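For 829-1095, the entry in TrEMBL reads domain 'Ion transport'. Here TrEMBL flags 702-729, 824-845, 857-877, 889-907, 919-949, 955-978, 1062-1085 as transmembrane segment.
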Amino acid sequence: MSEFSVKIDDTDVIENDVTDKDKIENYHNGKPITEIELSPKGRYLVTYSKEDQSIVGWNVENENEAQLEFEFSVNKVTLNVDKFNQQICISDDKKLAYIDNYDSLKLCDKMNDGIIELDFHKHRGIVALFCAFNLNDELILYNTDGNKGKYFICIYSLQSKNNKYKCKRMYWLPRENKQVSISRSDEFYLFSNNSIYEFNLTTEKMIKIFGIDEEINNDSFCKLRKNIRISRNEKLICTRFKDKIIIYSIELGIPIVSLNINNVNQLRMFMKYIFSYQQLSLLLFPLLLPLFNNIQSSEFWDAIIKDSKSLGHLKHYEQLPKEFLPNNIQVTSKFVFGILDGDVWMNDLEKVMLNMDTLLKSSDELVNNNFDEIIDNWYEYSGNHFKSKKEMYDYLIILLLNPYKETLDGLFKKVIRQLNNQYEPDGYSEPNDFNEQVFKWTCKLFRDEAIINKNKIELNFLKKNNDNDDWDCICKKVEDIKSPQNKILQENHKLIIEKYNRNDIIILTEIGLFIYHFNENSQSISLIYFYYMDISHIESTIKSTFKSTSLPLLNHNSFKVCNEWASNIKDNKNNLLKYGVELLSFAIKEHDSELIDDVYKKCINYFKEDLGNNKMCLSIITSTMPLLNEYYPEYISRYSSETVMIIDSPFYSIEYDHTKLHLYSYQHHLQIINITQSIWWLNYCKSMEVYEASYMKKKTKYFLILNNIHLLIVLPLFPIYFVICHILLKYHFIIDWYKKYGFFNLYLNVVKKFLKIIPISTTPTITFMNPYIKFVNYPKDYNWFLELFWPQSSPFVETMNRDIYRTWNGEVLINFKWDHYGKYYYAIIWIGFIAFLGCFTAAATITHINDDIRERLLIVSIILGFIHLSFEVRQIIYNPIKWICDFWNIFDVIAFVLPIYTSLYWLQTSDMNDYIIQLLSFSCLFLDIKFLLFFRAFEYFGVYFAIIISVAKQIISFLVVLFIIIISFAHAFYILLLPRSNFSFDERTNSNDPNNPWNIVPSYNLVLENGAIGANPYIIQQPNGNTNMFVDFKTSLFAMYLFLTGDSSALTNWPYISNPSIAILIVLFSLLIVVYLMNLFIGLLNMAIEKDNNRVSYLMQKAEILAEIELFYLLPYQRRYEKWFPEVIYYYANVDKTREKIKEMMKNDEWNTDEFTELKQALLEKLNIKYNPDK
């Protein structure tokens, strides 16, 4: 088996111990540097010169050296760096990889000058496009099969024993996608469908960073690719695309800032903003710096390259051209590197940030601009247009991070000390002053005498008057605060205040934490954060709520206490995304219909403003649907009708493909499939290729013999073989995009010929987005033990509303869940029940069976029964009321408990008596019906099961009335026909009681020879309990049921002439029950069936099945699978069926164009449908 390896010619290597200073300073023979790359942890730097065709490696760890330490050199190298990024890379253990102009990958170990081998065999036609090392020194290759248009990613891990890279993971991109870059932390960035995506190669989670409204073709992207730059950390992703820098918030899931790279003043002001907060500058500046490639320089940007040095000291800082910033800027935790004037320049990152901060504080141009003018030219990202939103950035620092943590920690410690020392302030709280040379804050709290539970906070922002040393009030704010639970703040309550900076102030009161900001531009004070808490329990609150680095999400009382805070959140998109769920939940619980409507409209409008990037705003509505379903279900109906057939793009696209089914759902437009399990298959293909080549060259018989052996094995087992091959191909254990060899060759050839015989027509499909964003997601934080009995639920589980499933959106949700995990778990549950049913039925039904075998079958039945019963017990513990209200649950318990009890009793008695026989009879009955109920998950049967249950729920009250009437008649007949004398069924008694069973039982008299009939009965039939069914009230009730079904034999033992009361009761029962109520019952059944004879009831029933599987059969970590529970779901719809559906909705007045008018009009135009709502 051959292996792919690379050797480096000794003539191309300059040894590591070269000490000739001239050679070091004349690296690349004085030619300009074209490209640089850093190792993942910043230990090594490699430079490439296109003119000199050489690569030089440097050690950058020793920060005290005057110049970098030379490591190695490789000559005669040609890289296509003008068109592509990441054609060269180096690991932290000094392994070099690069892709030459012939798309050939070169690998070498520069630490030991050894040979690096790849265990993944190099197939013909496969070329490498990009290469990179990650933080684990794993090699990541982006490859393509140029002939077939296949793209795939290989990740190699180094095996230290034999210096071999082993392919440990592999991903396949079914469609052609435009790769952008690969990060050192395993993020793979690519451009598809006019959007830039991030795919994490470790977690396999995909993020859509931002979308672009304009259409970008292949030629345009090839020109843009080289200048696309992306950097990220755990909170933000910064992207440079064309002349824009977009900052994406990972927490909020939307772009929050966009900067114009050509607007130097805008960038300056933004820098001033982030450097006004040290934590923000540490978080954001290292991400932004690599994006500033080749932008026009100025005195302001001069701070970036000030104090920098070149690798060879050929030039000094004063000799640098000042027109542009360096190219290919790269940042480590300590240094900044870039290419300028053909040389590599390096600077200390701390110095760069210090220079920038100094410049921002000293620059007259910037100092003269007040703080809030920073954002005069700062824009919110909105598609391909940008609109001014400067009022929102007072809250940005809260959204990105918690800069007040140290201040708050000190504040909390101060409060705890005061409480522990039982500190009590003296008298009424005097105004608190916080002085600065020019500005100061004053604040105080007082009670509103007019309203009992109302308090006020008064804030003043003062500026010192240099003429008379007085303090002039620039701005005053009085905040109304409602005390929850009628809590009255004491008049001696003392405010605990800390000042963060000139414009921000933190106030801690008995009812919570306030943070205020003074906006110099608008001359106003605004509340930017409030969290309600009882200061007497501050220690427990700090441990449970303030333990993380970010400020906690708001609680219910946070909105209830301060009205302005709720208004500030709903009017700010980013704040609404972070706190919107809590705000809308508060509005629903407080029955604030005006606030509910405002938040709903805000979410819809924000999404309409930028369809491609603001879809997460819809998650605020969908996340609160359980509460809306309980209190305001009309909003669910409204949302369902308004968001039908929408897309997160300004335009719809129609594709022609035979593989896409109607309402086929998927997670992303971009599909990346993990095919790691197929690596063995690829190696197998390579082996067979070698054998075939050997056969063709040497005319050996081994290859022919091997093929014949394959055929001999396959042909007798062809059906099983075909099924196995299909399953392996479906789940990517084998793949069909390489040349086919050996064992699976027959299957692939049969399928290929079969597809040629049967023509397959392409179907036009249109793509829609399911608007139920984050509707199926579970909370990320969970406790394993609690999840076993009280699992956290998702909005999907808690919301069972018919309006959701009236549209395609609800059906798509069900299809997605069923296809990804539902059908598999349902099959496992069903198979488990079949095993339970089979064991018990075999033990109960088969008479000629060994006692030992029967005992084993009963023991297995008990074990399987308890396993099934355990899931029912968990459901009872989770929600007893909901469990009782569901008829299926009660039936399930009977079906499990009765066979378990019967098995235990039978094992104990070992006797087939009448009691056992009855138990076996009913147990098998319930088990058989339970088996039938499993068919309710399939549409052909499920519709009827849904009708049965839904109709029963509607007529249950009528059945109760009918039952009471039957009891009443049974009671009347019982009183009328009850025997009044004692009697025995075993001994005849003579009495005149007409109701005595001996008197109404059939009797036979003897006919004498003269034809006369004897006076005394000759033969009397012995009576039993059915002779007079009215001797007992239970049998009386059963007699009325038989009469209801048409069997009146229980009332024929009495003559109606001599018993007119019996006749009257029979007539009344017949007219009222049999004629009137039963016909009315049949009519109600018809109406109920007509009402529920649709797919909606079936889909809701299937949703309940899926909810049960999620909560009680999936493990806690499985409920957090991104692939099974994505935030956003898309789906394909058949164009013809879509056209029919829209016309049907128009006919039924269900086509809602109140929202998304332009988008739906575009859909109608795409489908050639004319619609005039005025007609």
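Keep in mind that glycine also has a Cβ here, set from the backbone N, Cα and C atoms.
Whatever TrEMBL says is automated annotation, not expert-curated.
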Beyond the flanks of the transmembrane segment (857-877) by 6 or more, those residues with Cβ under 8 Å of it:
788-790, 832-833, 835-836, 839-840, 842-843, 883, 889, 892-893, 896-897, 899-900, 903-904, 906-907, 1108, 1111-1113
Sort out the residues at least 6 away from either end of the transmembrane segment (889-907), same chain, that have Cβ-Cβ distances under 8 Å to it, and list them.
836, 840, 843-844, 855, 858-859, 861-862, 865-866, 868-869, 872, 875, 883, 916, 919-920, 922-923, 926-927, 929-930, 933
Would you report the average pLDDT that the model assigns to the domain 'Ion transport' (829-1095)?
85
Hey, which bits of the same chain come close to the transmembrane segment (824-845), Cβ under 8 Å, at least six residues off its ends?
854, 857-858, 860-861, 864-865, 867-868, 899, 902-903, 920, 923-924, 927-928, 930-931, 934, 937, 1105, 1109, 1113-1114
